[in-house]
Amino acid sequence: MEASSSGTAELPRSLSRRAPSRATTMMIDRPNEDASAMDSELVPSSLASIAPILRVANEIEKDNPRVAYLCRFHAFEKAHRMDATSSGRGVRQFKTYLLHRLEKEEEETKPQLAKNDPREIQAYYQNFYEKYIKEGETSRKPEEMARLYQIASVLYDVLKTVVPSPKVDYETRRYAEEVERKRDRYEHYNILPLYAVGTKPAIVELPEVKAAFSAVRNVRNLPRRRIHLPSNTPNEMRKARTKLNDILEWLASEFGFQRGNVANQREHIILLLANADIRKRNDEEYDELKPSTVTELMDKTFKSYYSWCKYLHSTSNLKFPDDCDKQQLQLIYISLYLLIWGEASNVRFMPECICYIFHNMANDVYGILFSNVEAVSGETYETEEVIDEESFLRTVITPIYQVIRNEAKRNKGGTASHSQWRNYDDLNEYFWSKKCFKIGWPLDLKADFFLNSDEITPQDERLNQVTYGKSKPKTNFVEVRTFWNLFRDFDRMWIFLVMAFQAMVIVGWHGSGSLGDIFDKDVFKTVLTIFITSAYLTLLQAALDIILNFNAWKNFKFSQILRYLLKFAVAFMWAVLLPIAYSKSVQRPTGVVKFFSTWTGDWKDQSFYTYAVSFYVLPNILAALLFLVPPFRRAMECSDMRPIKVIMWWAQPKLYVGRGMHEDMFSLFKYTTFWIMLLISKLAFNYYVEILPLITPTKMIMNLHIGHYQWHEFFPHATNNIGVVIAIWAPIVLVYLMDTQIWYAIFSTLFGGIHGAFSHLGEIRTLGMLRSRFESIPIAFSRTLMPSEDAKRKHADDYVDQKNITNFSQVWNEFIYSMRSEDKISDRDRDLLLVPSSSGDVSVIQWPPFLLASKIPIAVDMAKDFKGKEDAELFRKIKSDSYMYYAVIESYETLKKIIYALLEDEADRRVMNQVFLEVDMSMQQQRFIYEFRMSGLPLLSDKLEKFLSILLSDYEDQGTYKSQLINVFQDVIEIITQDLLVNGHEILERARVHSPDIKNEKKEQRFEKINIHLVRDRCWREKVIRLHLLLSVKESAINVPQNLEARRRITFFANSLFMNMPSAPRIRDMLSFSVLTPYYKEDVLYSEEDLNKENEDGISILFYLQKIYPDEWTNYLDRLKDPKLPEKDKSEFLREWVSYRGQTLARTVRGMMYYRQALELQCYQEVAGEQAEFSVFRAMASNDENQKAFLERARALADLKFTYVVSCQVYGNQKKSGDIHNRSCYTNILQLMLKYPSLRVAYVDEREETADAKSPKVFYSVLLKGGDKFDEEIYRIKLPGPPAEIGEGKPENQNHAIIFTRGEALQTIDMNQDNYFEEAFKLRNVLEEFNKERVGRRKPTILGLREHIFTGSVSSLAWFMSNQESSFVTIGQRILANPLRVRFHYGHPDIFDRIFHITRGGVSKASKVINLSEDIFGGFNSTLRGGYVTHHEYIQVGKGRDVGLNPISIFEAKVANGNGEQTLSRDVYRLGHRFDFYRMLSFYFTTIGFYFSSMLTVLTVYAFLYGRMYMVMSGLEKEILRLASPNQLEALEQALATQSIFQLGFLMVLPMVMEIGLEHGFRSAIVDFFIMQLQLASVFFTFQLGTKSHYYGRTILHGGSKYRPTGRGFVVFHAKFAENYRLYSRSHFVKGLELLLLLVVYQIYGHSYRSSNLYLYITVSMWFMVGSWLFAPFIFNPSGFEWQKTVDDWTDWKRWLGDRGGIGIPVEKSWESWWNVEQEHLKHTSIRGRILEITLALRFFIYQYGIVYQLNISQRSKSFLVYGLSWVVLLTSLLVLKMVSMGRRRFGTDFQLMFRILKALLFLGFLSVMTILFVVFKLTLTDLSASVLAFLPTGWAILLIGQVLRSPIKALGVWDSVKELGRAYENIMGLVIFAPIAVLSWFPIVSEFQARLLFNQAFSRGLQISMILAGRKDKATSSHK
């Protein structure tokens, strides 16, 4: 038996021999898991088929242990047969574990039903069949029957191995045949159990589902394929060949689609048809689809295909002969497309490739159905081709997949140039030309498309394997890393800006400065030179198009090449012609007056230049005219007329995408007006503030003759002081190019604010506003959120009002209950906020008690103090407050009913009847104040309150309770009759006289018979609680609810009801939709260990949250007081409570499942109508058959309309993993599936399928749902290869799971999002936006939704980020959608038109690196393909954001990287060229333009400081200031002041202030603005400016973009100095120190005036930037200035800096490893990137060149020799340092004496040299300091150049020296940055101030942040669970 686990072929039938004494390894690290239950889940992937057997064994173990043992033995045998040598991963360990277990069970288990195993298993099988299957068919649900049939099938397989075939008795065999026959009907299903019998779920009984299923099952007259099968073919395959249930199975039999794919798409198409068919259809019963249903679905599905055929001038293969069954054929075509799409895997990203496949397969279908050979008769036809269920995958998808994968390998893990490999877009665009038909059908694998220029050999199969040889050319576009892309993509904008700048300079230069000077003939003539500039720029654009697309030329059509060459030739012609013409016109000047007056004269008299310009601008004039008529332009783009095609060919290259994107006239007018106003403001500001004031000083500088320089001037005779002019104008030009972004921020803020106000945003923003408008909320609710037939009713009668209240109360109460379950509100808040569900008992509307709180006590006091004589006056006072009036009437009527119900004695009731009659009569007759003593009311109120308190209290002794109740009630009666009623004794007497049994009346006390059992009745108890609240709540409920988040949600929900949203359709009419969430390895649910694990400060997550959310923690503890909850549940509740406050998958899933909860409530309201009982819905159960039917129907409709799929890509690996985190992720995801039965999980399953002694990996897309205890597999679809290795992770993850989504809409939700029940209720309204008629516009394809950032509650950083993000997702996207019309898709809660997008490439793009920001490309793609994106703010979805500086910076870096890659992409190029001019401006400034402007802001500072340094060091500044007035350079400072606005983050703050003002009031906005400034928001934004500019620039130059996972945890932890240094060294610290050096040099050597306020502002702003970049990470680092942590940080930093690196040493451990990683981008950059990097490094040599001439030792010499000698000194110093370093290495250990002698000699030499320099050459200490300033930058430049030239330097053998130089610089930089921190850490007040700064939000809420920071905690509190 030992051999069995090690590889022998034979397997013994008995386990009597001992197994090897190897320890079980399979169950290691599986805490809290039942081993017997889990073994089925730990099966190695290569043995996956035995998992069901082990599950069955576990299932039946309690029932019959012996049969369970036999099942396990069968599993072991099967495993051994599958992998006899145990070669698969984990197989040996698993078999060993199973063997041990079998040996143990063989001895422990004995047969129970018979004497031996064969009889035992037969008896058990028969019992199982009779007990569960036979009886269960009519009583059990399909999912239960599926499980039972699976068990029965497995049991029979086991039985056959135990019992020889002849000995299986007849009964067993008959049962097994019955199981086999019916098994297909009971397979695990997703939503529709289509073939189930017996008890069918309500969903399959819906008429629309029946009709759709019937249509799909119509296989009449479809020919059957007959194949000559080999004689040994199994019977199952033969049966499968002949049995066809529906159209999809017929297609599968013809083309070989997988079974899982067929089942998946069958349900998909049935649900699509059912949902479309029921819309606007009122029939309750029908069995046929509407003819229009299938036609409409077909039109939508094939709109893209028709477009593709038209573009390629190919005839569509969607053919319909006259005599065909059209609906059947339409369904065949739709099903075929969906089956192709469902199995296409990564090819789904190539929609036109799918069109090509469908085009050919549709032709095949037509051939099969309507060929001349075979009539459509339903007969079989013969064929030699054998089709199995993987034929389509093998012959069609896999070859294309291999091409994609081979190209992806060229990417070399994202390091190769984009031009070296073809991405998804390149391969897809191959199918945009007719040459795609050369691929042929069936696919010709020798076609050019499939042939790589170098075939990849099997040994090169690893993903990043380097491939050799030339790559194949790109298609249509080449992504090249260069900043020229910005000009190439947006050439019209840059040409406009350059021309405008030139025109303004000319006008300012030649005239008086007035814009009217342009009409002067000389000025106008010169202004016309802007067209020469335009011609040159156009030539540049034409050249760039040729150069940058060079790698795609081989794939270009001749017409494309011709166009590029002609464009270049024409541009070149104009670039030559216009300057020549202008030079001619100089001799014959022409003015504007003469020009216009002689226009009709002889052209020969006119300037040739004028005519040339006229012809030059003619195309632009035509384009402008077309721009004004968008429909005409759209028609031209889509036209097939040859003249128009020629014109459009010249205007823009013909492309499949980007046609007809022009907006309607009104939209055009709106965004054109926006931009014209903006550009006028910008240009006027530029002209009058920046350009015009600088003209005069420029002229003066150009006229100065400067002969004295302070350095060696290379061009001493250069005219006009051109260097100074460049130094002064460079910052001005940069600000001019950048400040449009500032004007955009201003205008978008204004327009966005106005648009938001007109959208009714923020009309209800406080609880006071809520109260004042609450009466109108139910009506608004009915109008917006109830189906339209109800909303149209006139609100005139009480019935309608009551109906409004009933519908509203159900939803409102569920909303309140959901907030209570989330612990947002307390029990008291809940009671005060609920609307009574039994509201028909009283004559007035019953409002929530929080509106009526304190109204009764106030009314009582008012009546007590009333001095008037008339009832009417008192009642008028009460009625003046409507809520008080409602409260008084309700209290009186409710009290009356409560008392009547309590009293059992008829006589007592008569007494009370007399009392109430007296009250009613006195009010009618207006003598109330005369009949009643008002002074007695307070006493009565108090006593009633006490009575109700006792009534509601819990009691143990019924007698005591009853006596207390009676006593207090008698007191109440006494007060009424004696203190309140003036004639109380008369009333009592009257009641006694009217008693029918007065003579027989017993001598007993009144009011002793009270029915105390009524309290158990829920509805009655609700009334008592409500009345008690009305009487007892003395204070105003103005602060109910207390929780800020609860307030925000209530006010937003109430406000949204008054906003413009579509009317709600009936549930059956609403669009069906899915939600898709991609998940990788993030936290699902925190474990108990996670909750209590303490960080270095002794803080656990639980403790932190207890302190941050104290009210929610208290509410949670109150909720746990329910004695029914077991302890186990309490610990689970604690984990959930913590997880729901983090950014976890559990939080996201809970939020998304609110959709289903809301749908079920809406369905229930509609189905049940007036019979709806809220208590039944809340319990989701009832004994009433009608109510049961209502609930079942509600669930069915919810299933029909909503699907939620979480794509857990690595769930399968997590399931098998031994890692604790992965394992917990698996168990938590499983728990989510079990908790939410409608949740579906998709994952990629990796299996090793053993064949020929190999275990190749096979990949599947699998869909799961929760079963009884474990997950249940629904669909399994084989993939052509690993799907996630080709593109970016997230879009690939979405793509593999998108096939399992359903419906017409798809919402993409990230796993850091949340949702709210009340918002989920609005979803059907939002989905109606897809059907909303829009004048002149297309229907939307993406609906953008508003987001609420839920992570801004504590630290200032979280608050800044939350506000910044909130402003972007509200006012930012509002303005993008309307008026600018450039909103795309930003990742999170957007809702896609699902069919539109699945037929056009999906919801995102996935090419490696270029599509790093994958989500926005989904929006680009949608827009380019004719989509239309909107934005809606009446609904919101929660979103988490990063809350610490480091995670925020990583996120910003990721986004900046993504924008860098976007700049290179074809999508941005196409949008930039296809949009009209103004929409293109919107597109630029709201996407990559923002990041380029950020970079320009930083470059402006550099340009200013380096320009000033040039002027200072050369001596030019000194000379200019001596000869000129200082006030003449103010324009430069004004321009830089503009730039600093951007730098300080005011651009971010403007939209924030506007949005906060809109939604919370402008007073709050202004206060928040000032608080943000006090909390150093400007430091934060300035710091982020550095992050954006660094990563954006580096990505364009060198690439190296990668997905950066960001922190989703809690923030309060201290980041070490070394960690901050690693993160910010290159992006901020180096640049900050460079600017510091520039400022210091300027301060030392500059001679500038210092009086100007603007100068001071600019200087301060630049110092501010330096300070922010160097110290922001430490200012925003918790405990950043605590002395002990500072000491620890220094120790850690020194250790990190000193440790040597090497292979496998992480960057956190060694500086050397980090240093190598930091240069990674330089290894893979292009030669262009290397040259640019070296060029940029040369700027550091300027310091040395400038400073050496300022030294005293130079003796004022201007000879170049001085600079040369300085290099000798520098190189000598470096050589000495190198000698010391080498000496330490060679002699330091073994020859210590030699090393000391060497050091002494060097020291003596140094002293000698210094002495000579001081004495002979007059060297000073100042010179020494200046030399440090000179040589430090030079050394850094050498280091930078050395890093770029790493390979040659390594070859020279001096790389170690470069490395040591690098380490020395890191030491210096670290010391400079660390020193101020160390000094400040000495002062404890600094640390306290920092804590206040960081956590002001928490302090203002009274939170114990100091305890969190200090790590002190109350153990009792934190351990309380």
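For all residues, glycine too, the Cβ spot is worked out from N, Cα and C.
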Could you tell me whether Swiss-Prot assigns Thr610 and His1724 to the same side of the membrane?
yes
Does the transmembrane segment (527-547) reach the transmembrane segment (612-632), going by 3 or more CB pairs under 8 Å (6 or more apart in sequence)?
yes
Top partner of the transmembrane segment (1656-1676) among 722-742, 1485-1505, 1629-1649, 1760-1780 - counted as Cβ pairs under 8 Å:
1629-1649
Distal contacts, the transmembrane segment (561-581) - CB-CB under 8 A, six or more residues away:
531-532, 535-536, 538-539, 541-543, 545-546, 549, 553, 607-609, 612-613, 616, 649-650, 653
What does DSSP give as the helix, strand and coil breakdown of the topological domain 'Extracellular' (696-721)?
11 helix, 0 strand, 15 coil
With helix taken as DSSP H, G or I, strand as E or B and everything else coil, how many residues of the topological domain 'Extracellular' (1845-1867) land in each class?
20 helix, 0 strand, 3 coil
Under the DSSP assignment, what numbers of helix, strand and coil residues are found in the topological domain 'Extracellular' (1677-1730)?
33 helix, 0 strand, 21 coil
Are there residues at least six beyond either end of the topological domain 'Extracellular' (1845-1867) with Cβ under 8 Å to its Cβ atoms? List them, or say none.
1625, 1697, 1711-1712, 1715, 1719, 1722-1723, 1730, 1734, 1774, 1778, 1781, 1835-1836, 1838-1839
Same chain, outside the topological domain 'Cytoplasmic' (548-560) by at least 6, Cβ under 8 Å from its Cβ: which residues?
419, 430, 433, 473-478, 480, 482, 484-485, 488, 649, 653-654
